């Protein structure tokens, strides 16, 4: 139960209070619950969409996007912004890229990337709501957080003594594979929609991981957050394109 609470506290803005400071082992095990947190967030978005039925589609999409950002505290958007600044400003140099990621200030590249990301999500939400295909509301956050579990399972963490290092070092690998297998099976049970979502998430994961390895030799907390946002966006936009035909 405690690892689940740790995952909820870290991945959401919900007021979760832990009984004590988590141990590295508990932090590592919390990764196993990341897909469950994604499923929970997706269920909340689906419920909100049901409650907003009858409202203007534009307003529905805007409110759902605002809720999505509020529930996550914009944590992963921050990672995306930092990664965007660092990737451009690092000029291919790993040390400079890592240094820029530590800078709390956001440059113009970060702002542009965030605007594009939010516009894409808003537009995709509008399409899936109008097409009455709410499965995308669940699949996007689920696969985004499953991607984090997969990332820490197979990718080195490059910042020594960071939180990510404790997560990766204490992740039960056999259980992680079982959790990922359950996610895959669950998506496949949804038929063509689930298969498309899995494919989009998988391709995005592989491309992003390849970029991380080439530039940094591994991942950081910021690039992990960027990966989550990219996977969510790819799944949401891809499913919107499917239903919009």
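A Cβ is built for glycine as well, from the same backbone N, Cα and C atoms used for every other residue.
Looking at the stretches 31-51, 199-219, the one that Swiss-Prot records under the feature transmembrane segment is 31-51.
Your range for transmembrane segment, going by Swiss-Prot and the list 134-154, 155-175, is 134-154.
Listed as Cβ neighbours of the transmembrane segment (57-77) (distance under 8 Å, sequence separation of 6 or more from its ends, same chain) are residues 11-14, 41, 44-45, 48-49, 114, 117-118, 121-123, 125-126, 129-130, 137, 141, 144, 225-226, 228-229.
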